[in-house]
Amino acid sequence: MQKVCEKLDIELEEIPNWTCCGASHAQGVNDFAALVVNARNISIAENMGLPIMTVCNTCTLQLRNAKKRLDSDQALKDKVNGILKDSGHPYEYKGTAEITHFLWVLDKNPEILNGKVTKPLTGVKVAAYYGCHILRPNDVMNYEDGKNPHSFEKLVKALGADPVPFDESRLCCGFHALYPAEDDVMRAVGKIITSADKAQAQVIVTPCPLCQMQFDMYGDEGVSTVGTASELPILHLQQLVGLALGFTKEEMGFDRHLYGGVVMFGLGVPELALILLIGLVVFGAGKLPEVGRAFGKSIREFKEATTEDSKMINVTENDKESKNV
C-alpha cells in the first residue's frame with residue numbers, strides 16, 4: 001500500500017499506537033468497549049489534523065459507525081470521552097475527522113491517476129467484488145447507492161481493464177459467520193467465485209482484505225461445496241492499482257496468494273516444470289490443478305514458519321495480552 005500511495009503522491013502517516021477496530025467481532029462481545037476503541041483511534045487522527053483512510057471495508061464501517069453514533073448522541077459522546085480521560089488518553093473525541101476508503105479517495109479524485117497509469121491493464125476482465133461492508137448499511141456508509149454502486153467499475157476502467165458485471169458482486173463473503181455457519185459460508189464463497197467465472201472474468205478484485213483472505217483461504221472448498229471447478233486469482237484493490245502503475249507481481253505480493261493456481265515462491269521455471277512432471281506421472285493429468293494448489297499451500301505454510309513474516313501471523317501471548325480490548 002505504501003508503494004502504491006507513494007507512486008500516486010498520496011502521503012500516508014500511520015496513526016501512532018492505533019488499535020484494531022474490532023472487526024465486528026469485538027462489537028458482538030462488548031459493544032461499548034469497541035466504541036471507545038474506535039473513538040480513541042479517531043481522536044488521535046483528529047489531533048494529527050488528518051482524515052482517516054483505510055484499505056479495509058470493515059475498518060471503514062466500524063469507524064464510521066462509531067462516528068455516527070457519537071456525533072448523534074451527546075450523552076454517549078461525553079461518557080466515551082470520560083472513559084478516554086480516565087484511562088490517561090490525552091485527546092478527546094470531537095467528531096472532526098473524515099473517515100474514508102482508498103477506493104473512495106480514487107473515485108472522488110480521479111485526477112490522482114493522471115499520468116500514473118504506465119502499464120494499462122488492457123483486455124483484462126475484472127470482476128469488481130465490493131462485498132457488503134463498503135456498501136451497507138446505507139445510513140452509515142452513504143457514499144453511493146448500495147444497491148447500484150459504480151465507483152469500483154469506474155476505477156477498473158481508469159486502469160485500462162474491463163469490468164465484468166456479475167450477479168454476486170455485493171453478496172457477503174461470510175467472513176464473520178465462518179465458525180457458526182461454516183457450510184453456509186462455503187456455499188457463499190463458492191457461489192461468488194463461480195458467478196465471476198461464469199461471467200468470464202479473469203480475476204476477482206476486492207477492496208476488502210477480509211474478503212480477499214476469505215476467498216484465498218477457502219476458495220477451493222467453496223467451489224467444491226457448490227459443485228463447480230471455478231478457479232480465479234483473488235486480488236486486493238491496491239494490487240490491481242499497483243500493476244497498472246508499473247509495479248511487478250512480486251512487488252505487489254502475488255507470491256503470497258494461495259488460491260488461483262500454482263504459487264511461485266521464487267521458484268524458477270525448471271523447478272516448477274519438474275514438480276508438474278512428477279505430479280503428472282504420479283497423479284495423472286486430471287489431478288494437476290489440485291496438485292499445484294496443494295503444493296502452493298504447502299510452500300506458503302513453510303515460508304511463513306521460517307521467515308520474519310511469521311512473527312506477524314503467529315502473535316505471541318504477550319502481544320495478544322497487550323492488544324486485548
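Cβ coordinates are placed from backbone N, Cα and C, and glycine is handled just like the others.
Predicted automatically and left uncurated, TrEMBL annotations should be read as such.
As given in TrEMBL:
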DOMAIN    1-64  domain 'Cysteine-rich'
DOMAIN    126-216  domain 'Cysteine-rich'
TRANSMEM  258-283  transmembrane segment
What is the number of residues in the domain 'Cysteine-rich' (1-64) that are helix, strand and coil, as DSSP sees it? 37 helix, 3 strand, 24 coil
Across the domain 'Cysteine-rich' (126-216), what is the average pLDDT of the model, as a whole number? 96
